[in-house]
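The domain 'Glutamine amidotransferase type-1' annotation in Swiss-Prot covers 10-200. Summarising the annotation, Swiss-Prot assigns active site, nucleophile to 87. For 174, 176, the entry in Swiss-Prot reads active site. Annotated domain 'GMPS ATP-PPase' per Swiss-Prot: 201-390, in sequence order. The ATP binding site annotation in Swiss-Prot covers 228, 229, 230, 231, 232, 233, 234.
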C-alpha cells in the first residue's frame, strides 16, 4: 500500500470482509482525502505511526458472536481517534463497549427508509428521512453505555448510534453504496465534520509517489508488461515506461480471445505510437488446445491465467535479465477474488490464476485504484482518449463471454456481434454514458424462422451497465430504437444467430460479466 507524504490527511479503513470495503476508501478519495484499506489485524501502534485523522470499520459477512468472528486490536479504541463503524463495524463497536448484538428474525437486504432521530455530526444538514442500503443478518438490540440512537428504520430500531463525547459513530446500513441516496454526504460529514480532514489527495500525488516506488523497486532490473491494449494494461505500460524507459519490454499475447481488430490496433498504438518495445506472441493454438472441452468458468479463468504466465515465462527465457512482471490489477479485481476476510465472488484473471512456480516478481501499480481513477491517471499521463475511454475488457477476453466450452464458431459469433454492438453504441453517442457494454453467448439454441425456413440457432445476450467504479452497477436504459438496430444487424449479419436478449440485472445481485 502506498504511504503518502505526511502533509496529506489520511483515513484508515479496517477490512472486516465486506465486498464493499474498497468502496469506502473510494468514496473518501472522491472528496480529495487519501484513504487506505488495511486488514483488521493491524495493531494500534501501526495505526498510530501512520498518523491518520480517523478510522472506519468496514462491514463483513460474519457474526460478532459467532465462531471465527473477526476482531481488532482493542487498543485502537484508546488512540483517541474518531471511529465510524459500518454494519459489522457498528456491531463490533457495540460488543466492545458492552452493548447487545443478536440475530435478526430475517436477513435484511435492499433499500430501506431511514428516519433520523438524533442529529449528531454524522447527520448534519441531512434530511430526516432518506433511502439507505441494508445488508445484514444481525442487529444491535442494546446500546452500549454512553451511546444514543441516531436513526431507525422499520426493521431496524437501532440503525444508527453515536457517542459524540468519544467521537464514536455507527450505522447498520451501507452509506458507501450508491443506493444509499445521502451516503456520500454522511461519509463526508465523518471525514470533514468529525475528523477535520482537509483536501489534498489527487492523481498528481499518485503519479509522483508511484514513479518513485517503481524506480526504487526495479532499480536497474528489467520489467515485462502484460499488454492487452485495454485501459488497465495501457496505463500500466505508459506509467512504467515513464519511470524506467527502455528497461520495460511489453509482451502482447494474441490468445485468440480478443475483440475484432484488437491485435492490429495494439501493435499500431504502442509499437508505432508510443515507441515501446512490444513483442507480439501468436498463441491462439496453444490456448485453444488447453481450453478444449473445458466448461467450468473458474477452470477457464485459471487455465487462461496460467497460460498467460507460462507464455511470458517462455518469452522471458529468450530475453536477458527479466525479473519483474507488470499487471493491471485494480482494487476491484482484488475484492472480487476475495481477500483474507472477504468471501470470494469469482477468481480474477490477474490475482486468481497465477501458478505457484511463477518465475517473476509482480509489479501491480494500479492495485490501489478504481477504474475511474485509472482513466484519470491515463489522461494525466497523456494517453489518448480513445484508449483511456476504451471499453473494459477482462484478461480472459471472449473466453468468459462464451459460456461453457469455447469453440472457434462461438468465438466468431461473439466477436462479430460485439463489434456491431460497439459500432451502434458509438453511433448513438452513448459510449461515454454507458460504463461497459458487450455481447455474450449463453450457449443455448432456440427455434426461429428465417427466409421461410425453420432455424435452430444460438441466442446472443447483450449486457450494458452504468456505473462509476464497477463495484455496483445498474443496467443501462438503451433507447428501444438503438436496441432494435443492434438486434436486427446481429441477426442479419452474424451467422448462426436467430435471437437477441437484453440483460436487465443490476450488480448486485449479478456481476457485470456473465462468467
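Cβ coordinates come from backbone N, Cα and C, glycine included.
Quick caveat, the model's predicted, so the values are computed rather than measured.
Swiss-Prot feature annotations superimposed on the structure.
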residue: 87; record: active site, nucleophile; DSSP (3 states): coil
residue: 174; record: active site; DSSP (3 states): coil
residue: 228; record: ATP binding site; DSSP (3 states): coil
residue: 233; record: ATP binding site; DSSP (3 states): helix
Surrounding CB atoms that lie within 10 Å of the CB of residue 228 (ATP binding site), all protein chains: 24
Residue 176 (active site) and residue 228 (ATP binding site), Cα-Cα, nearest whole angstrom: 32
When distances run from the Cα of residue 233 (ATP binding site) to each of the active-site residues 87, 174, 176, the nearest one: 176
Other same-chain residues whose Cβ falls within 8 Å of the Cβ centroid of 228, 229, 230, 231, 232, 233, 234, the recorded ATP site, in sequence order: 227, 235, 236, 237, 328, 387, 390, 393
Other CB atoms, at most 10 A from the CB of residue 230 (ATP binding site): 21
Other CB atoms, at most 10 A from the CB of residue 176 (active site): 28
Rounded Cα-Cα span from residue 176 (active site) to residue 229 (ATP binding site), Å: 31
Cα-Cα distance linking residue 234 (ATP binding site) and the residue listed as 'active site, nucleophile', given in Å to the nearest integer: 37
Long-range Cβ environment of residue 174 (active site), under 8 Å and at least 6 residues apart: 18, 20, 59, 86, 87, 132, 133, 134, 135, 180, 183
Cα-to-Cα gap, residue 232 (ATP binding site) vs residue 176 (active site), nearest whole Å: 24
Inter-residue C-alpha distance, residue 231 (ATP binding site) and residue 176 (active site) (nearest angstrom): 25
Residue, out of the binding-site residues 233, 234, whose Cβ gathers the largest set of other Cβ atoms within 10 Å: 234
Mean of the pLDDT scores, which run from 0 to 100, over the domain 'GMPS ATP-PPase' (201-390): 84
